[in-house]
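Okay, so here's the structure we're looking at.
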Amino acid sequence: MTQLAIGEATPHGATYDGHGVNFTLFSAHAERVELCVFDSRGNERRYDLPGRRGDVWHGYLAGARPGLRYGYRVHGPWQPAQGHRFNPAKLLLDPYARRVEGELKDHPLLHGGHDEPDYRDNAAVAPKSVVISDHYDWEDDAAPRTPWGKTVIYEAHVKGLTYLHPELPQEIRGTYKALGHPVMVAYFKQLGITALELLPVAQFASEPRLQRMGLTNYWGYNPMAMFALHPAWASSPEMALDEFRDAVKALHRAGIEVILDIVLNHSAELDLDGPTFSLRGIDNRSYYWIRDDGDYHNWTGCGNTLNLSHPGVVEYACECLRYWVETCHVDGFRFDLASVMGRTPTFRQDAPLFAAIKACPVLSTVKLIAEPWDIGEGGYQVGNFPPPFAEWNDHFRDAARRFWLPRNLTTGEFACRFAASSDVFKRNGRAPGASVNLLTAHDGFTLRDCVCFNQKHNEANGEENRDGTNSNYSDNHGKEGLGGPLDLMERRRDSIHALLATLLLSQGTPMLLAGDEHGHSQHGNNNAYCQDNALTWLDWQQANRGLTTFTAALIRLRQQIPALTGNSWWEEGDGNVRWLNKNAQPLSADEWQNGPKLMQILLSDRFLIAINATLEVTDIVLPEGEWRAVPPFAGEDNPVITAVWQGPAHGLCVFQRG
């Protein structure tokens, strides 16, 4: 058998140098590693990796070229109680694979064994890693580097955003190409968003349970290959990388940043009954958090948890993030279940991965957004992430809904959330932009569903409506469902307007869910993770154009208010904010805690937000001076107001002085 040259221990993965391919694989506990290459007929040839430096195995295959399909068989102990599950009968994906051929099917041969190893060979059905050659002309591409104070994030799904868009060419709808098409770029600019945050684009798999039910994982939070683009949204798997980069380049030219939702907390190997296709067979003990009995700590709810305190796994995570920044020019990341990143196993602000990111000149300068919780003990860590992380602020989400969709909430609590939750984020040198304010996100009700449904309706998910949260803080305004009489529809519209204004005129970084500006509904499904269909795809032909115009006007207004774009904490007497009651007097202590939901917020001494969140029409006395409503609140007849605004129930209006 032909032997490999020793090669080099870096760079990690499979690297083509024009004459052959260097292969590396991290495994601290392996005893032997075989590189397996496959020809066009599926015939397999095996080579031992001859080199080892520390915990990295390596070898060089002369004459190998891009397009070569490969995998690994890793030999070592089968000691489940100690966390070791080596099984050379199972072909394994390279964790650094830039492209993967084949899907992860629900197949018995992909199971590595539970108490005893499954020695049936799986090469015939296992996904294969593919060597690529990477050459791309970025031309004059430059990162927009939008300041946090001016950032407006738009969370979207690659397919769902454009699949039903009638103005896009049919063949590119629902693809990476569509993201950078002039029609979409023009829409983003007209709306005013500055950053497109994409649900996971790294290759993912549908869980076996979903496959057996005839469903698919739509959102993508079941990662299979962290360095490879999901191929389903490309014209061909070979073109995925370039088509994604074309979209990034087009968006950058328009000044729009691209943020990736990334899943550095678990893998699609799931629990011990899940498939063995990569990390479990390469070095289970190193890659995952293992309990004393050899099973997994399941702090993710997905069966396993990556051990991001292990030096080898920290290096893997950082190289993955750098790859997306350096190779694909993305501008930042939103980290799913990000508390896992700080587990040692307890959460620490100086956890190894946080320290590595902060020390990295590439990663420390891009936008980093944490979903600051996981499901393990001590997993809720809102406000506790170290700089330079921003965080999703669920306090804002819940407070905004409770304020406008009648629940008990004090004026003081609302004001605190409006002011970037300074009680949570004003620490460790962090600025207001660290609070990523949201009303809705991919998981949960859409904004329209928040005003149409009191209960979740997740029957289509096949779990008898048990999945999804029951804490929605929603209000159907008297009738469950989308329809209703005119007066009910008007009340729902007013609530949506008030919620959007609260989001887009609050201090902090606003995040808008794609489709909320259209009036998109998921018909009460608040956990549509497995609905790759019209329930989740945005219907552009049915979009509420008036709501889109209203949203765009709010974003333009936001960018005109220095108190919101300055990204500095508001201080007493600094001219940024004054909190007034309905009589234009400073709020009293009793009004902060017990008063009705009536207030005025004066920003930058010239923009006044008048709020009536009560159930009655109420006169609100404006501060001294001349005030005129500003778009989107100004009507055709927009007189100067010098005394009183008659605030409608659940109403909000913004005025400008002079």
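A Cβ is built for glycine as well, from the same backbone N, Cα and C atoms used for every other residue.
According to Swiss-Prot, the protein carries these features:
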type	residues	note
ACT_SITE	ASP336	active site, nucleophile
ACT_SITE	GLU371	active site, proton donor
REGION	459-484	region 'Disordered'
SITE	ASP443	site 'Transition state stabilizer'
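This view paints the features noted in Swiss-Prot onto the structure.
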residue : record                             : DSSP (3 states)
ASP336  : active site, nucleophile           : coil
GLU371  : active site, proton donor          : coil
ASP443  : site 'Transition state stabilizer' : coil
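For the region 'Disordered' (459-484), DSSP puts the residue distribution at 3 helix, 0 strand, 23 coil.
Ranked by how many other Cβ atoms sit within 10 Å of their Cβ, the recorded positions GLU371, ASP443 place ASP443 at the bottom. Note: the CA-CA distance between ASP443 (site 'Transition state stabilizer') and ASP336 (active site, nucleophile) rounds to 12 Å. Applying an 8 A CB threshold to same-chain residues 6+ apart, the list for ASP336 (active site, nucleophile) reads PRO200, TYR221, ASP261, ILE262, VAL263, LEU264, ASN265, GLU371.
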